[in-house]
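> The S-adenosyl-L-methionine binding site annotation in Swiss-Prot covers Gly36, Gly37, Tyr38, Asp54, Phe81, Asp102, Gln109 and is backed by sequence analysis. Annotation source Swiss-Prot lists compositional bias 'Low complexity' at 309-325. Under the heading region 'Disordered', Swiss-Prot lists 287-331.
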Amino acid sequence: MSTADPRHVPVLGPEAVAMLAPREGGTYIDATFGAGGYTRLILQSPGTRVIGIDRDSTAIAGGAALVAEAGARLTLVENRFSAIADICASLGLSQVDGIVMDVGVSSMQLDSAARGFSFRFDGPLDMRMGETGPTAADVVAQAAERDLADIIYIFGEERHSRAVARAIVAARKEQPITTTRQLADIVARVVRSKPGDIHPATRTFQGLRILVNEELDELEQALSAAEQVLAPGGRLAVVSFHSLEDRIVKTFLAERSKTGGGSRHLPEIAQETPTFQLLNRKPVVADQSEIEANPRARSAKLRGAERTAAPARLPPASSSWPRLADVLRGG
């Protein structure tokens, strides 16, 4: 899907937008614009304004018709969603009333052979959500075997990561690995699967994609930025698609919705006021009809929270995840 499609209904879209509870005059951020599905649903509420963000220039260009239709109610920004606070500042917005995030790779990216995200098509081994920076082919060509194994294990949750890394290093000595089909075939030779299992290369592709786009760093930064710009009573709705993403969202909201433990020596100083109130303790998941219509919905989880009036907490000083630049320079 190359344009914002009026027929496109995002995974858990109605549930996520209902969680936002858009109101007339409110300003909302669709932090992962994609095909424009969440934005269209928000704009159905009269008098709402949407800021749509996407790092993919194809998504932004594809939203031109929706911008023409919505007029001043819709502004599209090509950027990473971790830059929410800076984007708001550049638009003169001190606060917004709601933020929706649909984390990870989009369907239109997965379905494009030229983008190199999927082993279902033979294409260049790219995997970048934007147009700049190293590709997955660069990682496969340059990363040390140990680093490849760590990436595939940590980000892909692949228990055969060391065997996969060895196979990649052996194969790249014979010829450059530049296509999705090449990589998928290499992985399939060392990761065995039974009928009904996921494709043997699924987890390896996930691990490389997450590293190339630094997706988990981005998510952590975006959640912290959302905390900074949401008005009291503003709502955050996040749809995630695998356990690493969901764990980050769940942990962030759990930490921000509880009172700090305090200290018997300095109880007043140590105590932190909750910055969010949970809207759901258990994640919302897709029903069977949605899963049948869109199999990708099977793993989707929706979590939400409402911003309190407490001051935002300081963002994390540094990331604990492997960094792309470090991997490419060998540590």
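Cβ coordinates come from backbone N, Cα and C, glycine included.
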> Let me spell it out: take the compositional bias 'Low complexity' (309-325), skip the flanking residues so only those 6+ beyond its ends count, and list any with a Cβ under 8 Å from a Cβ in it.
133-134, 139, 147, 150-151, 154-155, 211-212, 214, 216-217, 220-221, 224-225, 227-228, 232, 256, 272-275
> Where does Gly37 (S-adenosyl-L-methionine binding site) sit in DSSP terms: helix, strand, or coil?
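Where Gly37 (S-adenosyl-L-methionine binding site) sits, the three-state DSSP reduction gives helix.
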> List every residue in the same chain as Asp102 (S-adenosyl-L-methionine binding site), at least 6 positions away in sequence, whose Cβ is under 8 Å from its Cβ.
Pro10, Val11, Ala16, Thr32, Gly34, Tyr38, Val239
> Could you tally the C-beta atoms, other than its own, that fall within 10 angstroms of the C-beta of Gly36 (S-adenosyl-L-methionine binding site)?
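Excluding its own Cβ, Gly36 (S-adenosyl-L-methionine binding site) sees 29 Cβ atoms within 10 Å.
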> Let me spell it out: for each of the binding-site residues (Tyr38, Phe81), count the other Cβ atoms within 10 Å of that residue's Cβ, using every protein chain shown. Which one has the most?
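When each Cβ's neighbours within 10 Å are tallied, Tyr38 tops the list.
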